[in-house]
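Peer 1: Swiss-Prot feature annotations, pasted as is:
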COMPBIAS  98-116  compositional bias 'Low complexity'
COMPBIAS  717-734  compositional bias 'Low complexity'
COMPBIAS  824-838  compositional bias 'Pro residues'
DOMAIN    304-379  domain 'RRM 1'
DOMAIN    430-507  domain 'RRM 2'
DOMAIN    856-932  domain 'RRM 3'
MOD_RES   S352  phosphoserine
MOD_RES   S375  phosphoserine
MOD_RES   S420  phosphoserine
MOD_RES   S422  phosphoserine
MOD_RES   S424  phosphoserine
MOD_RES   S525  phosphoserine
Amino acid sequence: MAVVIRLQGLPIVAGTMDIRHFFSGLTIPDGGVHIVGGELGEAFIVFATDEDARLGMMRTGGTIKGSKVTLLLSSKTEMQNMIELSRRRFETANLDIPPANASRSGPPPSSGMSGRVNLPTTVSNFNNPSPSVVTATTSVHESNKNIQTFSTASVGTAPPNMGASFGSPAFSSTVPSTASPMNTVPPPPIPPIPAMPSLPPMPSIPPIPVPPPVPTLPPVPPVPPIPPVPSVPPMTPLPPMSGMPPLNPPPVAPLPAGMNGSGAPMNLNNNLNPMFLGPLNPVNPIQMNSQSSVKPLPINPDDLYVSVHGMPFSAMENDVRDFFHGLRVDAVHLLKDHVGRNNGNGLVKFLSPQDTFEALKRNRMLMIQRYVEVSPATERQWVAAGGHITFKQNMGPSGQTHPPPQTLPRSKSPSGQKRSRSRSPHEAGFCVYLKGLPFEAENKHVIDFFKKLDIVEDSIYIAYGPNGKATGEGFVEFRNEADYKAALCRHKQYMGNRFIQVHPITKKGMLEKIDMIRKRLQNFSYDQREMILNPEGDVNSAKVCAHITNIPFSITKMDVLQFLEGIPVDENAVHVLVDNNGQGLGQALVQFKNEDDARKSERLHRKKLNGREAFVHVVTLEDMREIEKNPPAQGKKGLKMPVPGNPAVPGMPNAGLPGVGLPSAGLPGAGLPSTGLPGSAITSAGLPGAGMPSAGIPSAGGEEHAFLTVGSKEANNGPPFNFPGNFGGSNAFGPPIPPPGLGGGAFGDARPGMPSVGNSGLPGLGLDVPGFGGGPNNLSGPSGFGGGPQNFGNGPGSLGGPPGFGSGPPGLGSAPGHLGGPPAFGPGPGPGPGPGPGPIHIGGPPGFASSSGKPGPTVIKVQNMPFTVSIDEILDFFYGYQVIPGSVCLKYNEKGMPTGEAMVAFESRDEATAAVIDLNDRPIGSRKVNLY
């Protein structure tokens with residue numbers, strides 16, 4: 001639907017193309033610009049769509065030809081009414097003052113006009129007069145104060161540079177009121193004209209030469225008087241205007257003083273439009289003299305260049321010139337990356353500063369399919385990028401040549417260097433933060449990466465770890481803002497075979513980070529000394545190890561080292577777990593040198609390792625040794641039991657279930673003596689065959705909280721998050737038993753009627769196991785256990801636990817509907833001191849799930865992203881917000897194709913809310929994303 005916008009403040013020199021250039025990038029149909037003019041300089045613009053009109057309204061306050069314009073919503077009715085009103089005003093003005101255009105053919109003036117002029121002998125030839133007749137008639141009527149002849153012939157033959165206002169009704173209306181005292185103005189020296197008997201012989205007078213003054217014309221007898229005009233007080237006589245140069249076409253009578261509002265002489269032979277001669281009042285007279293030589297201001301070479309950022313990689317020089325259509329582009333230089341491909345940035349040189357000024361107005365406009373940023377640039381940037389400079393000698397007004405400006409030495413003035421070297425804390429500084437540097441990176445590599453940019457001496461800082469290798473972080477400070485912006489443009493360019501992330505950072509933030517890195521090194525050295533002095537101290541309790549699960553079974557030590565690239569770790573500190581046959585278990589253990597490095601490894605959680613998402617959990621050294629002795633079994637989606645080292649249930653030793661634990665005292669010999677199945681051991685990895693997963697709750701403390709409820713499917717809208725797979729470890733119940741599902745199954749679901757293990761139909765359990773059947777008293781355990789279970793699950797009379805094992809371990813509670821405990825610990829209402837009424841909920845930090853009003857991580861949904869978007873691009877989009885490392889999850893459909901959606905977890909609800917408010921409808925690539 002077409003939308004009409006009303007524009008006010010349009011200068012008189014602007015045309016439809018200027019308006020279209022102002023709204024470049026928006027769709028305006030042909031014939032959609034209507035200039036009305038008037039006192040407010042109005043125009044109406046018709047946009048094709050509502051979106052174009054909305055974007056157009058955002059440009060209110062911009063400038064067209066140096067004049068600020070205002071945009072208002074309008075309608076077609078208002079536009080038509082204003083156009084009709086303007087047309088009527090124009091027609092009325094034409095009726096009052098017919099134009100005396102010599103080149104226009106048409107009928108002679110109306111009888112009313114000839115009656116007012118009352119010149120029957122000259123009116124017939126007035127429609128198409130020759131230049132000589134016009135001159136003669138003008139001179140004759142001027143000397144006899146013939147007002148109408150002056151207002152038509154002189155206006156009709158006015159030079160074109162006088163503008164439209166010179167012949168407007170308002171301009172002509174002043175002539176009758178000021179022409180009567182013209183006899184007081186001394187004309188140029190003209191000899192007296194001989195008396196003529198009457199006017200009829202005038203056509204027979206031979207033409208008089210054009211050049212003024214006219215020396216031979218005789219005086220004309222008086223003409224019949226014209227109706228009286230209101231008298232005007234006599235004006236001060238003007239000085240003789242003999243010094244005024246002749247006009248072309250021939251001059252008419254000298255302008256009276258009341259016409260320009262001041263008694264100062266006004267030169268009409270200049271190229272300025274008289275509508276822009278300033279306020280028309282005697283208080284502010286305009287002194288204009290063509291003979292005065294005004295020296296033009298020197299042109300700063302830096303005013304000719306602009307920098308363009310964010311262009312499409314496929315953009316060519318012609319696309320850049322089309323983007324700046326209507327402006328005089330001198331040259332275009334597209335910047336390349338290290339392999340010669342366009343990096344989306346470029347420099348453009350214009351012929352004049354005016355073109356540069358207009359080009360800067362096109363910031364954030366559309367080039368092909370991307371919004372580009374246009375910012376000022378310098379000649380030094382142009383030269384550094386490989387652009388050529390042609391020095392042209394400037395011609396001054398007197399014809400003297402001026403040498404080309406010396407720009408390069410100026411940029412390296414001593415004062416500038418002195419300012420750049422200042423280490424004042426009040427200085428903002430132009431610093432960048434580098435991430436992803438190669439481990440062997442040195443200062444020379446950084447200088448080569450930022451080649452041709454002015455770097456402050458001794459400002460390159462590369463962070464090194466305790467092993468003496470680079471950690472991949474670095475800082476650089478530049479001398480000026482132009483080089484600083486150019487450095488930011490090299491974000492994600494390659495240094496060697498690694499792309500470098502270049503992020504802006506304040507000088508204060510840079511110094512704080514450097515100080516933090518140095519303190520970390522000092523603390524590490526102190527920790528090393530303490531470890532040497534007290535090797536058995538608190539080392540075992542420090543979480544300096546990582547347990548990596550859900551990795552391919554064919555993983556090698558080198559694959560793990562490459563996965564941990566950027567974190568200092570010794571090759572001997574990596575252990576890939578294997579079974580008795582030497583086959584990989586899909587797990588690895590890594591021992592780091594300090595807790596900081598171990599915490600860094602958590603950032604790699606759910607990152608791809610040889611095509612699979614690796615789960616990284618930080619554990620203590622004691623836990624690592626325990627895992628080495630009894631590695632937990634792993635299925636398709638990772639561990640089925642929590643890793644050791646998590647909070648144990650009070651009163652439950654860490655034996656039967658690592659991290660949650662069944663008391664080994666309650667299960668002597670790791671078996672159930674009264675089951676009737678000798679040798680059917682329940683291993684420490686879990687209760688295989690009894691429907692209990694061996695590691696269903698990773699780390700039991702919310703280590704998997706970010707994606708327990710949010711997987712590849714969107715939250716609350718997809719299938720339940722299951723833990724399919726087999727139960728590793730030794731068991732006597734035959735083949736592995738898949739655990740029940742989490743979302744809709746009986747895994748802590750609090751739904752009665754779960755089938756017993758004996759007759760559940762699970763593989764390897766074809767017979768009704770004594771003690772696990774449906775009888776009420778088949779299993780008699782110690783006094784701490786309640787009555788015999790009727791169903792080994794959530795049914796009545798479920799397997800009881802020791803006293804105090806009522807409502808689950810403290811601190812593991814969560815909102816209803818979250819991951820519950822194993823089936824044996826479900827909410828069975830059995831008699832005795834059995835399990836309590838509530839399920840054991842294993843969830844993330846408080847407030848992470850649907851419970852409201854609690855601080856904690858919050859997940860938002862991102863939609864309408866490009867299908868080719870990567871996790872790094874999503875993290876760059878949320879740069880500056882506290883995103884939980886490794887929490888970005890892309891969504892795929894059933895065919896494995898990306899859907900353009902993702903889930904991102906933030907460290908707090910406030911951060912997530914701020915991200916939604918600030919970044920909603922912002923573009924990633926060429927598409928605007930939606931945040932929920």
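Just so it is clear, glycine is given a Cβ too, placed from its N, Cα and C backbone atoms.
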Peer 1: Can you give me the same-chain residues 6 or more apart in sequence from S375 (phosphoserine) with a CB-CB distance under 8 Å?
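Peer 2: Within the chain, S375 (phosphoserine) has Cβ neighbours under 8 Å at V306, S307, H309, L360, N363, K485.
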Peer 1: My understanding is the cutoff is Cβ-Cβ under 8 Å with a sequence separation of 6 or more in the same chain; which residues meet that for S352 (phosphoserine)?
Peer 2: I299, L304, R328
Peer 1: Where does S352 (phosphoserine) sit in DSSP terms: helix, strand, or coil?
Peer 2: coil
Peer 1: Over the span of the domain 'RRM 2' (430-507), count residues by DSSP class, listing helix, strand and coil in order.
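Peer 2: With helix first, then strand, then coil, the domain 'RRM 2' (430-507) has 16 helix, 31 strand, 31 coil.
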Peer 1: State the three-class DSSP label for S375 (phosphoserine), counting H, G and I as helix, E and B as strand, and everything else as coil.
Peer 2: strand
